[in-house]
Structures are given as structure tokens and as C-alpha cells.
Amino acid sequence: MSLVATAPSSDGPIIAEVDMGADSSAPVVRATVVQASTVFYDTPATLDKAERLLAEAAGYGAQLVVFPEAFIGGYPRGSNFGAAIGNRTPKGREEFRKYHAAAIDVPGPEVDRLAAMAGKYKVLLVMGVIERDGYTLYCSVLFFDAQGHYLGKHRKMMPTSVERIVWGFGDGSTIPVFDTPVGKIGAAICWENRMPLLRTAMYGKGIEIYCAPTADSRPTWPASMTHIALEGGCFVLSADQFCRRKDYPPAPEYVFAGTEEELDPDSVVCAGGSLIISPMGTVLAGPNYEGEALISADLGISISVFIFQLILLPIAALLLSCFS
């Protein structure tokens, strides 16, 4: 296996590609995880950026492209929306109004545009969004096939910590695993990847390509992704944003609570770490902490099917007989 990375350039993100040396007769899927920042409070501009990145990934032969958590709508890092127990500031209310306005309806015109992008570039698209359902926001992942059809969504079941102030809770009705031409695909978002029963539900549906859009760039994240790949016998594709302070609106419009005074415009507030891992726990590409990037690998899907059918199904049957 060889890792080839181009040098960063002003023309676009760096690209890391992996040649797995797979049997040419086996099904191989080129997958790309996108590591990039949202254009905060500007959904049309973010959609334009998404299309540029999608076009670039397709130009490198990507058949499956995964974007980070909350790419459309934005991850409100550092914000508390002026909320404290028993109190909400006028500035915080205005901040939430802008954030709510930047979210998208599902279905809606932005979903139609994403579907058109997937069809135009002939890729299976997995996109992290902030979904607006009336007055409630959800952190969601949308799935689109390469013919430009919207397949469905997953809503984050367990918003983490202060996220619960602004995001609603998903439930078991949106834990899909879609059977697509590139394999059986699903997603879990950020912290909910550490929920064993959610993972088990996806394994039970035969997931082969496990997508993990996230906002967690801590050094412990790759260990969780490796464990999931080994546990589930599946490929894991984790896409994270790479953001600097200047990618968010300036103070006082937007304030990183408790840390604003320590930040300058070039301070990194989310360092990325996007990566792709094989069902055997091998890191195929990444983690990348250098900046915005397209990170790609060729996936031999037959490996995942072999592990699931030969190893995981018998184990699952044994567990059911022991604990039923």
C-alpha cells in the first residue's frame, strides 16, 4: 500500500490518495472525505463551496463523497447563544435567529440542489446539514445517489453537551442503512459514534461503508474510528471540518465564549483529522491536520462483505442464543 499526497497549493485542497493494491477483479470504490469549513451564516455560499469541492473530488474519480458534520448550516463552535439557566440575552436570541435562518428544510430547495449536484457529478453524496423542522433544528446527515435522487436522512440522536440547547434529539426512525451500487452505507454523527447500541443496529443491517461526519478533532478520535472498523467489519469514513477563527463572523457578532480573547484570525479552532480506515483496522488515508483537504482511498468492498458473512454473522448468532 502506498500513500501519495500532493503538496498544498493555492488552487485548492491537498489530495491524499491510497492505492490498496487490490485484485482488479474485485469491486473497488473510490471514496473521498471532505475536510473543509462552512461559510458561516451564508448557506448559498456554502452550497457553492460544496459544489466546487464535489466537482474536484469527482475529477479525481471519486464515486462516494462524505462531507463533515453540519457542513450546510454550520457547527456553532464556541457559542452558547447567550443562554444561561433562567436567562437568555438579546444578542444570543439574535444569534440563534441567524443560525435558524441558515438551516435548511428537508425536503426543500437546498436538498434539491444537493441532489442535482450528486447527479451532475455522478457520485453518491453524504452531506452533514443543520435541518430545520419548524422551530426545531436537528443535526442531520442526508444521503443522495449518483442519479441525483434523495435517499433519506439520519438525525443525530444524542446532541453532545451544550449542543442540546440548539439541536433537537433524533430517534430510532432515522437509522437507515442504504443498499447502493457502491455498498451498504449509513452514518452516525460525532459523539453518537460512542453509543454501542446505535452501532450494533447499523451492524445488524449489514453496513459496509460506515460514515462518521464529525466536529471532533481531538487526537483520541482516530482510535474510536479504528475500533468501529474492526468491531463492525466495515470501512469507516470520517469527515471533519478544518476551521480557523476567521472562518466564523468576527466579534462582537460571533464570540467564542471563554476563549475569544485568546484567538487571532488564523487560530485553528477545529484541526480536522479526517481519515479512512479498512475493516481490518488499517488507516488507508489520513488523518490530516494540515488544512482543508480531499482525502481519498480505493475501497475493496468484497473485504467488508467477507468479514461480515464469515465472522460477524456467526458471532451475532452466538450472542443472540446466549442472551435471549
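Note that Cβ sites are derived from N, Cα and C of the backbone, with glycine treated the same way.
As annotated by TrEMBL, active site, proton acceptor applies to E69. Reduced to three states, the DSSP call for E69 (active site, proton acceptor) is coil. Neighbour list (E69 (active site, proton acceptor), Cβ cut-off 8 Å, at least 6 residues apart, same chain): Y75, G128, C139, V141, I189, C190, P213, T214, A215, A239, D240, Q241.
Under the heading domain 'CN hydrolase', TrEMBL lists 29-301.
Here TrEMBL flags 299-323 as transmembrane segment.
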